[in-house]
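Features of the protein shown, as given by TrEMBL:
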- B:6-120: domain 'Acyl-CoA dehydrogenase/oxidase N-terminal' (DOMAIN)
- B:124-203: domain 'Acyl-CoA oxidase/dehydrogenase middle' (DOMAIN)
- B:231-396: domain 'Acyl-CoA dehydrogenase/oxidase C-terminal' (DOMAIN)
Amino acid sequence: MDFNFTEEQDMVRDGLSRMVREQYDWESRRAAIASDAGWRPEVWAQLAELGILGMPFSEDVGGFGGGAVDAMIVMEEFGKGLVVEPFVPTVVCAGGFLKHAGSEAQREEHLSAIIDGSRIFAFAYAEPRGRYDFADLETTAKKDGSGYVLNGHKAVVIGAPWASHLVVTARTGGDRRDREGVSVFIVDKSADGIVTRDYETVDGRRASEVYFENVSVPGDALIGDEGAALPLIELVTDEAIAAQCAEACGAMKVAHAMTVEYSRQRKQFGVPIGKFQVLQHRMVDMYTAYEQSVSLTYLATLKLEADERERKRAVSAAKVGVGQAARLVGQESIQIHGGNGVTDEYAIGHYFKRLTIFESEFGNVDHHLKRHVSLA
Amino acid sequence: MNLEFTPEEKAFRDEVRAFISQNYPAHLADFGMREDMSPEDMVAWHKILGEKGWSVPAWPVEYGGTGWTPTQRYIWSEENARVNAFMPLPFGVAMVGPVIYTFGNEEQKAKHLPGIRSGDVWWCQGYSEPGAGSDLASLKTTAVRDGDHYVINGQKTWTTLAQYADWGFFLCRTDPDADKPQEGISFILVDMKTPGVEVKPIKLLDGGYEVNETWLTDVRVPVENLVGQENKGWTYAKFLLAHERSGIAGVARSKRGVEKLREIAAEETLDGQPLIEDFDFARKVSQLEIDLAALEITELRTLAGEQAGKGPGPESSILKIKGTEIQQRLTELTLEAVGSYGTPYYGSIANDTGSNEYPIGPEYAHHSAATYFNMRKTSIYGGSNEIQRNIITKMILGL
Ligand SMILES: Cc1cc2nc3c(=O)[nH]c(=O)nc-3n(C[C@H](O)[C@H](O)[C@H](O)COP(=O)(O)OP(=O)(O)OC[C@H]3O[C@@H](n4cnc5c(N)ncnc54)[C@H](O)[C@@H]3O)c2cc1C
Ligand SMILES: Cc1cc2nc3c(=O)[nH]c(=O)nc-3n(C[C@H](O)[C@H](O)[C@H](O)COP(=O)(O)OP(=O)(O)OC[C@H]3O[C@@H](n4cnc5c(N)ncnc54)[C@H](O)[C@@H]3O)c2cc1C
């Protein structure tokens, strides 16, 4: 047993933490998310320079040979600063598909561009009626000569306004919700027939509705085997969930610390409100929920390479526990901040909003409780 | 004991229902939490009710009240909630109105009550200050007597919808040397157009602007705007807070919210089935309905007590705590029900297209996240739920 980080990992964390402190002070973040672009390409370039974007990839493709624990470290720091840049869609999701199932040529083409920061991806998996089921797809990819033709509507595709490429899930065969017949494609976002509607999200990011109308893609846009992608999607999204659990832990840590600090400063009835036992105990419960979340995040991260059942149970356990904690910590932080908690001006409300949306990404608490039950 | 309405009450319900369906402005139906609602929209129903004589049902008949029993008032709010009617804002009707007719003098009654009834005068509540929230009695805004005027200086905050207000009721310190912080406070009416009153909107985390900082700099207010006796304002403030709380349970509105939630969950799908058929989701909706049923009867028991002549007592804290918890849970479940379409920020989309059409996702999802964020306020304002529990601890448990 060893819960220590390597010297290298500590260095990565220190470097990143410094960068987030410098680039992601509250006012800079506020200005960035309010700008037309909604993010900062220069921050992305800096992340590339620090080697963060190449961390989970092997050295032979230009990466740094890191693993899930490294992604966890990165995401926790991102969570502390409420970083909006699309690390999960680009590095964890697109990078994950390429790493696990990309052909030599696909890796060649895309991985180095991910690592040097020149190519941004969004992961288009959700659909208006599919809820959290990756197989509940109405988007289709029909064989057409050597290529495919895509039709469908992907909902709330996070980071799509910034992306040059999309990773798209679509049905190449079978009936809606069949486990067979699901495929994954890499598509250039500028392809003919792709229409997007871009918008802000409530947690300060950007997303799009993406419509595919007879979008022709070549045969080599397919990642992995045709019709057999569901296990691959589940693996990659489990990695994304573990990463986002780490992000939520970072956000909870800061939200909790801010709340404790606020309760020391804010006086009512002549004493700091932190002296009221009812608030003390609730801050203790928040702290406990945070610590339990860190444990579940470690568990999920360390089980990503275990066999499928064990991996899924650990990831679902984390998504449930961290999701519940995120709600508790978010709501209690606001309550203890009183009126200031519900203002746009105070940072705490933005942690609350990110923690709220975290809960519904890649399946909410109920969804993952069910998955956990089904694997008992 | 009997939960049924009497035949008279049923007839009353039918009359009310008919009136609402014929008179509630169609364009306000199911208003939800729309940011594009104008101040005129907000008072539209109030004005119609003012003409009908139904805008201040709980007031004594001599001041324009209806003489309805608490049960009739309950039926009234229930029927309005059925169509999600935007009810008159509470600041005039439920707060300052009762203070004026109970403690004010004849001139004040004559001057202010008609505008509250008709909806022509918009009131706001200037109690809280940056340093005085839960501990309201520590407020610092001063009113210093200068001839036949008070000169008011200080800063209020969280003044709801003060950007549209014609008049405000303010708590000010008139005797800084009083023995206890609760003493030496006065209840003063301020014309919001008086020089020196400055209102600055505060953006809330749902993107809307419903509260303000209110700055008062050398604001000269005639002494006849003092309500009741100088330095006795705390008594009136507490009287008002009890009134504020009794409306806060929001049972009828939450019942409509649960219906709406069921409608949404019938549209949304999970594994190809309506979400409402999913046991996990359905049980949460049922749990909410059970809590709401309990609250409804608790409120009816309180109303019955009032009907028997008991004023709203510390029990109203139970209504505040449970009512707001249910409202928050309801918006939480609604956000859960809409899935990914809770994520878009519709404030930005609306501005984008310059129209009220939001073509992204189902209409019922549009304000679900904003509403959830916004409703966190309900356990904070009107005396936070912690303060309500402290009240029950002291007044009911005797600890
Ligand atoms: C099954 C059992 C086995 C036990 N075995 C042993 C044993 O082997 N040896 C031994 O020495 N003792 C033993 N105990 C005694 C045990 O340690 C005491 O019961 C315990 O310390 C609580 O004390 P009390 O029962 O006097 O409750 P109190 O101290 O009177 O507490 C009553 C309630 O008040 C709360 N409370 C007290 N102080 C505070 C505070 N500052 N803030 C908030 N809440 C507070 C408590 O949490 C509790 O809910 C045992 C007790 C039980 C029930
Ligand atoms: C949307 C909104 C609208 C409002 N509208 C108005 C308005 O129109 N007019 C007006 O005058 N005011 C208004 N208010 C102000 C409202 O009444 C105050 O926000 C409220 O009283 C809480 O005060 P505070 O925000 O200063 O929080 P604080 O008093 O600083 O409280 C912070 C936290 O400490 C807790 N706490 C404080 N004291 C205790 C204690 N003794 N024991 C245990 N816990 C405690 C609180 O419960 C809270 O969780 C509004 C507030 C909001 C958010």
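Positions of Cβ are set from backbone N, Cα and C atoms, glycine also.
Where the annotation comes from TrEMBL, it is an automatic prediction and has not been curated.
It should be emphasised that the depicted structure is a prediction, and the values quoted were computed from it without experimental measurement.
If you take every residue in the domain 'Acyl-CoA oxidase/dehydrogenase middle' (B:124-203) and average the pLDDT, you get 97. Remark: secondary structure over the domain 'Acyl-CoA oxidase/dehydrogenase middle' (B:124-203) totals 6 helix, 39 strand, 35 coil, with classes taken from DSSP. Within the domain 'Acyl-CoA dehydrogenase/oxidase N-terminal' (B:6-120), the DSSP-based counts of helix, strand and coil residues read 77 helix, 0 strand, 38 coil.
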